[in-house]
Structures are given as structure tokens and as C-alpha cells.
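Chemist: Heads up, here are the entries from TrEMBL:
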type	residues	note
SIGNAL	1-21	signal peptide
DOMAIN	52-177	domain 'Corticotropin-releasing factor binding protein N-terminal'
DISULFID	Cys60-Cys81	disulfide bond
DISULFID	Cys104-Cys141	disulfide bond
DISULFID	Cys183-Cys205	disulfide bond
DOMAIN	185-306	domain 'Corticotropin-releasing factor binding protein C-terminal'
DISULFID	Cys237-Cys264	disulfide bond
DISULFID	Cys277-Cys318	disulfide bond
Amino acid sequence: MPSAFQLQCHLVLIFLAASKGETRYLEVRDVGEDDPFLLLSEDLKRELSAGQIYRRSLRCIDMLSIEGQFTFTADQPQLHCATFFIGEPEELITIHYDFVNIDCQGGDFLKVFDGWILKGEKFPSSLDHPLTTSQRYVDFCESGNIQRTIRSSQNVAMIFFRIQVPGNGFTVTVKKSSNLFPCNVISQTPSGRFTMVIPHQHRNCSFSIIYPVVIKISDLILGHLNGLFLKKPSASCAGVGDFVELLGGAGLDPSKMFPLADLCHSFHGSAQMKIGCDNTVLRMVSSGKHINRVTFEYHQLDLQETETRKENSIEEFCFPSI
């Protein structure tokens, strides 16, 4: 029985297999029939003693959720490869180049992207990230030894690369560090509980769940009065500096997703929503005038739940897709 994390990884694979776009974006056309993800179990994580470094080889398409040293060596020309890194919500990812042997002049490349990018869609979106899109790319062929260590701004990052000469490759060491105030997050699992806090900062933060889910908001502090509004022309949070919105869609970029509901004002209680979209995002917009906080829990939506409605549920969305 595949784990929830494995199911998410295979969803990422589906995105990858359909990737098309400009050369600066990730393109993956032929993935192969093998399972591209060598995922580590929790048992293996526990078996690694303090100070012991986990090492393994990378595949052309891979995903990592653990610290260690990882090596890719091309056994044939590899034109469209990517490694996705993901941590816990409160972790940042550091990637250090230990060894690089690629032919930059011959068309090889090795790039780190601060976040994830799939089919030209980015997470975090350009609206939610502190850096411009061009600043989020670090190209080894341009920076070389100048920048051998790159740290992410959130719990996800990625490397994408082209290596045409068999025997060439690279080795990276991946480490994680604590993030006191996690902002943009992709959830590793289809269920969980999270509190997002933005302390007097003018920024936008998105929490992405790549599953159809039931999401329940139990506490929201924005410094306003009580209220919750569905997205309608006559009722929205337009003009309000601090609010939370729920988004749904089939892609990765929150800025391209469909707005489902606005929460403009503080409340204590319970607001529940069933979202049958492939991807669900809770996004907080903060003016920096308040300490904004939202607590929510979520679990994967099943077909039985689409047939029942609780009294505290607001309107359901995207059910034709599940």
C-alpha cells in the first residue's frame, strides 16, 4: 500500500511528464517506467545515528526529503532531469555543491530554483516570494565557485540539470535548518494541523496541499471584527489589508488558482470547507500592521464525504475532478 507521501510524489511525476515550456523552465518528456522516487522510510531515518551522513545516487527524476550527500553520474546523455527537495513546514533547505563536472560550454547546465516549478507554474508564486523570478535561479555555469551554497526561502527547492557526456555529474550535500516563522509551505502529507503566523510583516504566505481536502479553520486573528465571505461579486475582501483566502485548482501556482472564499475578520470557532480540487491553498495576505495568525487542520477528502454536509460547512467546490 503506497504511503501518502509516495502518492504525492507520483502526482508530481504526472506534472513532470506533461511538462512543456521555455528552456529556462523544467522540461521532462521521457520519464521511463521505473518508479523515479527512491523515498526513505521513517525507520531508515531513525536508524541513522547522530553525525552519520546518508549517501546515495540520484536518478534523473528524483525527490528527497532527508539530509545527506547525493551524487548524480550520467550513464547516457540526460537532457531533462530534476531533483525536488522537500522538508517539514518549519524547515529551510540548504544545497551545497561538493563536486561539479559538467560541460557548460557544450550546453550542459545545473540550476537551483528557490521553490518548485512545474509546467511553467511556480510555488511560491511571484506574488508571494521575496525575490524576483530571475533572482530565484542560481545557475552554476554562471556563478561557479562564487555561490556554491544556496538556501531556500521555504520548505521546498529543486535542482534541474542537463548533462550530455556520460561519466560527468555532480555531488551535493543537503541540510535543513529551522524556520521560526514558516511562510510558504507545500505539505508532505494529505492531513495535518498548522498555525501560520506573520508578525508585523508586509508579505503574503501560502500553504499548499496537493490533495482534495476538507479544511477546517479553527482560529483566525487579523485585528478586525468577525466575518466570513464566500467569493461573490458583492462580497469580498477587496480593499482590506489583512485577510485569508482559500484557493483551488489543478496547477501549482496560487496566483493562477480559483478564489473560493475570503476571510476578512478575526474569529474563534470553526469554519469548514470541502475542496475537491487537485490542489488546495490557504493564503494569508498581511499589510504588516498586525500580528496575523491562522490555525487550521485538514485531511484528504473521500467520496463518502462529498455526499454528506455538516452544518458548519460552507459551499463545496471542484468535485467533478475527483
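Using N, Cα and C of the backbone, Cβ positions are placed for all residues, glycine too.
Where the annotation comes from TrEMBL, it is an automatic prediction and has not been curated.
Please situate the listed features within the shown structure.
Modeler: If you take every residue in the domain 'Corticotropin-releasing factor binding protein N-terminal' (52-177) and average the pLDDT, you get 94.
Within 10 Å of the C-beta atom of Cys60 (disulfide bond) sit 21 other C-beta atoms, taking all shown protein chains into account.
Just so you know, the Cβ of Cys205 (disulfide bond) picks up 24 other Cβ atoms within 10 Å once every protein chain is counted.
The 10 Å shell around the Cβ of Cys318 (disulfide bond) contains 20 further Cβ atoms across the protein chains shown.
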Chemist: Could you tell me how many residues in the domain 'Corticotropin-releasing factor binding protein C-terminal' (185-306) are helical, how many are strand and how many are coil under DSSP?
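Modeler: Going by DSSP assignments, the domain 'Corticotropin-releasing factor binding protein C-terminal' (185-306) contains 7 helix, 72 strand, 43 coil.
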Chemist: Could you tell me which of these disulfide-bonded residues, Cys104, Cys183, Cys277, has the fewest other Cβ atoms within 10 Å of its Cβ?
Modeler: Cys104
Chemist: C-alpha of Cys183 (disulfide bond) to C-alpha of Cys277 (disulfide bond): distance in Å?
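Modeler: Cα-Cα distance, Cys183 (disulfide bond) to Cys277 (disulfide bond): 22 Å.
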Chemist: Should any of the disulfide-bonded residues Cys81, Cys205, Cys237, Cys277 have a Cα within 10 Å of the Cα of Cys141 (disulfide bond), which are they?
Modeler: none
